[in-house]
């Protein structure tokens, strides 16, 4: 994590955040008074309303238009503005002398000229710093790294830029009289040259830009007139005011301000060139630079915004500035960036702030009665809500209700529309009042505040750090235009707090609490002022402070006090007391001032209705205080008046001409003060009665009704919530509590003692009962139930003594403790001994549980031990408990160790040997506890031994079925023990799986839904796919057949189950043979049925054919196998144009038809694996059927002397007509369906294309084999027993002329001829491509031809 920069902003601590309940939130003034002791310590606080308090936004977004203020951020900060003002003065100083200032860079940073000038001044000045060689120290104080000779650079820059300015400021270049000149020249001034400056000053062009040379026209004209004048005593028309000489006219400068003349070399500093453009002499320079600064303030923007337009501008600014969506910018980032921009001179960021928008003109964000915003019935509660800022300032508890005028920003809310970085500077509220701000919506507003007691400290720090600003604006902090970094204030000891005000939250500032802040983005806030009773003394103090600063008043404090005094009868008594105190101070001061005026000689007096005048018409001409009680005027100017403090500043007339104008005479004020005092004395009378009642002795105690009446009187007359009232309320509450306790306790005691059924009441604590007894003697209340309560208390004390004796016993007794607990149920009192008794009872029961668990190790689990230990940890210390805990902990530690060890042994990868696991299980068997992992370890060892035994038996078997192999592998993999036979079985399983995948690739068609076994086996169901289901005919079975039932092979699962259950190949062949017979029979029946249904019948229109099960129509095809008819459009491939091959329907064309030699290769590879599969048995049977069919076909062809069988194009069977008949002979109609000439190669065309692709691949592989010089066929032929062996022998030694004995030799040519020799009994050579053998297979595996495979099979049979 990166460290923060030294100058990076560090957020101050957070201010308090309050979340009132609905009850507290109901009265805002009561809640503020409640939190005031906490919140006024930080100056500001935040209040989150209860959830659900969401007033509607009542302001019209489109109609609200305002002109915002323009804020340049680097001009807001006090110290930054001082620096900018200083740089303006330096630039102006050099600009008036014809030179443009360029601020230099040091160490790649802009040189802070203000800081450099201040540090040199603090060290004593340029001369002292040079003399004592303090430039290195100056460089370090400015933040430069040591050892880089920065000090010499700083000296050079100071000497060339700042030193002339400081000489000018100190008056070192003042014009003096030169005594060496004559009478004429004695009045000419000259410049006093500083010795150091005269010696080393040189103007550098890298700092100042001097324009093109331009002499004053009057100088040229004067020189021309001198050259043409007659020879008379020469008098210079233009002379240098320093040296008094008019010589060297080309170096003579004329001031553009006063036309005085100076030589360039007579100036300080001397100029080497004549400046172009305007140039000012030292006198004019002093006049320009000493002009007072204009008061700083915010400019108004030129554009009038609507709320929507301002929001679009604000969001675009923030999004563009941070290069991210506005809602994703962290508040911490905005805060640090704001203070960086504020303190950076070189940053020039300008924002706009819609501040101080009058809600009276544009409408409040809160709904108001009779407003333009229509409030829904659900939101009507917000119209009169105290937290509605339109109501808050003018509620009865607020002092401002007695101010007659509507004051924008104080009694009427102001609206604030902010954007990112727009800020409100350090200030306190007018008249040091409270303020409350509500953020209606938008992004947060960041606040900083200082408590009221630190106000003078904050002002002093700001005056100290920026005295230049306060010299020109003494009331700077009241202008809301100056901000200062909170870190700077905190570094000088000012306590600062912060908060982020989010939408829907209030921020309250307390009297004289300085606060400032800025907006995180586009938002809408509303604020108003209010004053509570505690503000009254501060309000009076603020008026005196304003008088000292000559600041105007927002309202007249004296007028407000007099208005309240005139309504003394309706005033709150607390407010009346505060008004009385304020009036005492006011009248005393007023009487003092009026006596002073009389002593000065003002005798004219008259009454003035100042409350009928506007505030600006009755302001003191000196201090701008709003006059109310009195003022002094003069007949010379009736419109001017002064307060009695500034009577000497009225005019120059005699005091006898002055007139004292008064609103009230002192005789009028005293009755008003008396009325307020009388109103306050009602409270005093009540307070004395309360004091007497509370301090009454036993014999004078009063009953509870008296206390209640005093409280009721305080509420009706709204007496102050002070310590006395709180004490009365507390005593009354205690008395009420004691009364209820007494009543319930006595009633319960009566029921218990009389033996009646016990009724459930609220239990009381012994402390409450004892408190009641104590309060019975300390408070002025007496209850008739006291004796009975005392008796109940005595019984409870006896129970407590007995309990203490039992608890002191060393060995806890469950029965005795339980009996005490049973007795305690007779008291409706919460006894302190009960928890201890229950704890001791828990100890005894826990020990019994431990003992019982230890006697049953089989049920003592780790969880049980942990639970017992956890229970024991929660018990109070006891020797027996500690011993049992120690034993349990030891047993748990051992058990957890072996449990973890057993678990790790079982989870180890690779698994451990059975010997390692057995040794561990033997050691863990002696632990008297239930350990699941150890038991699982033992069970795993048992399973492993059983598996190994079964594996040995399996290896002994001659015939290994796939089911047994799969079962063994799965079981072995589930056992977490290293089993050596498992690896061999898994590899065998992989080989079987690879064989099945190879066989499936060979036989299954693309996207086929059939399984490999389903394709290889004879079909269980024939003719049911796509045709209506027929019920099988049930034949009568003989009794003999019932004795021995053979398994029915109706589904593929039955076939697979039957093949898996066979013990040898012979049984499997028999099962498949039975299935074949059924298939042939089914096909025979199906063909007959299909051919018969195609004969002409009477109900031919009800016939359903084809896969679509619709009536015959249009061009149709007939399957060669099932003899069913199909629509050509349903089954024919449009791309097939061959008409010479047999055609099979989609139901009969179930698989690919690979070459026999490839099938034999698959069968040989399965025999090499040595595992029996249902698919292998089916494939073996399929090969046997194929070979048998070939043999029969050859026998028939030889016996019938037929020529060699060849594939000849055949003509698909065509149905030329279809006859449809009915019972009515003459209605017979004949429908002719022209079946398309069947293209029997529809299905085989795809197979031939695929075979050609495969042949091409084999050819490519043969080329690779030729290149690698793989084994080829020798030139000599071997003897073969194959029927085709005579064709394989040749007298020609050329291997390409040799004959391949394969059934379908593909006759390869050239380099593609690769041979493989049969490893069976015939030893014949075959083309690899003809028998489906790859080069890799020829190298690594034995090849056995079809003949040898069949012969070996018959021999085994």
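Using N, Cα and C of the backbone, Cβ positions are placed for all residues, glycine too.
Across the domain 'JmjN' (15-56), the DSSP tally of helix, strand and coil residues reads 16 helix, 6 strand, 20 coil. What TrEMBL lists as domain 'JmjN' is 15-56.
According to TrEMBL, the feature domain 'ARID' maps to 80-170.
Helix, strand and coil counts under DSSP for the domain 'PHD-type' (237-287) come to 12 helix, 6 strand, 33 coil. Marked as domain 'PHD-type' by TrEMBL: 237-287 (among others).
What TrEMBL lists as domain 'JmjC' is 381-547.
Positions annotated as region 'Disordered' by TrEMBL: 1025-1050 (among others).
The domain 'PHD-type' annotation in TrEMBL covers 1103-1151 (among others).
Positions annotated as region 'Disordered' by TrEMBL: 1200-1223 (among others).
The region 'Disordered' annotation in TrEMBL covers 1236-1295 (among others).
Look at TrEMBL and you will find 1242-1253 tagged as compositional bias 'Basic and acidic residues'.
Taken from TrEMBL, the feature compositional bias 'Basic residues' applies to 1254-1271.
Under the heading compositional bias 'Low complexity', TrEMBL lists 1272-1288.
Taken from TrEMBL, the feature domain 'PHD-type' covers 1297-1351 (among others).
For the domain 'ARID' (80-170), DSSP puts the residue distribution at 61 helix, 6 strand, 24 coil. Contact count against the domain 'JmjN' (15-56) (Cβ pairs under 8 Å) is highest for 381-547, out of 80-170, 237-287, 381-547, 1103-1151.
Across the range of the domain 'PHD-type' (1103-1151), the DSSP-based residue counts are 4 helix, 8 strand, 37 coil. Note on the domain 'PHD-type' (1297-1351): DSSP counts are 20 helix, 6 strand, 29 coil.
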